[in-house]
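Comments concern the structure below.
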Amino acid sequence: MAENKDTLYATDPPLGDFVFDQQVVDVFPDMIKRSVPGYMTIIHMVGQLAERYAQSGTRCYDLGCSLGASTLAMRHRIQAADVELVAIDNSSDMINRCKIVLDADSAEVPVALRCEDLEQSDIENASVVVMNFTLQFIPVARREALIRRIYQGMVPGGVLILSEKLTFDNAHHDNLMTELHHYFKKTNGYSEMEIARKRNAIENVLIPESLESHKARLANAGFTGTELWFQCFNFSSLLAFKPSE
Ligand SMILES: Nc1ncnc2c1ncn2[C@@H]1O[C@H](C[S@+](CC[C@H]([NH3+])C(=O)[O-])CC(=O)[O-])[C@@H](O)[C@H]1O
Ligand SMILES: O=C(O)C(=O)Cc1ccccc1
């Protein structure tokens with residue numbers, strides 16, 4: 001499928017709050033690659049991690065799957081027998097396009113695609129759960145309940161891969177990371193105007209937290225061995241484990 005360039009914030013009048021609608025779907029692969037440093041590395045490693053941690057007879061979840069990048073990476077690498085992938089997103093525009101992407105792929109692991117609010121979804125018998133830049137869109141006060149439900153739905157020895165945009169408690173470091181991220185976007189062809197408008201559009205929608213807050217929440221829910229395995233500026237990915245019995 002041809003990849004359309006993201007020019008959503010280049011045109012007047014500027015769009016309102018950011019939503020995952022058809023306009024975003026049409027440019028999403030280009031948008032996320034030019035906006036999230038390390039995105040392709042993280043997707044590649046999600047495949048490797050799923051290969052290692054997927055257990056026979058269990059499910060692997062992609063929560064906030066968008067166009068299914070993590071689902072496809074897992075589907076291409078999982079070797080364990082009798083594994084089902086479950087890809088969930090609450091944007092029907094995303095899910096409709098994701099179905100086309102998955103149908104065009106011939107790998108064998110079955111995928112159940114669900115258009116659901118992941119705060120209401122059943123999560124059961126999961127050996128791998130991926131939340132790749134999705135928790136950041138859930139209201140902060142409801143994040144703990146969701147992380148607990150994920151933990152309850154996992155099998156012993158299961159892994160959660162949690163990728164998030166971060167804030168930093170030190171205001172100087174926080175500004176620096178934001179500047180470095182914006183410079184990354186500039187080098188990827190976004191204008192100062194596009195960067196500023198997108199920043200406004202996501203301000204009330206994408207709420208980043210500190211690494212310490214994420215680690216504390218994961219520990220409260222029962223996860224152990226939480227490690228930061230990837231960071232580029234204010235974009236990160238964590239591994240968290242449900243202990244083996
Ligand atoms: N409550 C919710 N329930 C279900 N889905 C939701 C909810 N809230 C937001 N979403 C969905 O979470 C996704 C977040 S994008 C994930 C990228 C993908 N993981 C990727 O690896 O390419 C990240 C980004 O664009 O920064 C969108 O598709 C939303 O519709
Ligand atoms: O674009 C940004 O500035 C971001 O922080 C990342 C992002 C990527 C895709 C959708 C929303 C936010």
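Keep in mind that glycine also has a Cβ here, set from the backbone N, Cα and C atoms.
If you look up TrEMBL, you'll see Y39, G64, C65, S66, D89, N90, D117, L118, N132, R199 marked as S-adenosyl-L-methionine binding site. Counting every protein chain shown, 11 other Cβ atoms lie within 10 Å of the Cβ of D117 (S-adenosyl-L-methionine binding site).
Annotation source TrEMBL lists domain 'Methyltransferase' at 62-158.
D89 (S-adenosyl-L-methionine binding site) falls within a strand segment according to DSSP.
In the three-state DSSP scheme, C65 (S-adenosyl-L-methionine binding site) falls into the coil class.
Within its own chain, N132 (S-adenosyl-L-methionine binding site) has I42, I43, V46, D62, G64, A69, S70, I161, S163, S237 as residues 6 or more apart in sequence whose C-beta sits under 8 angstroms from its own. Looking at the residues that bind S-adenosyl-L-methionine per the record, Y39, G64, C65, S66, D89, N90, D117, L118, N132, R199, the two CA atoms farthest apart are separated by 25 Å.
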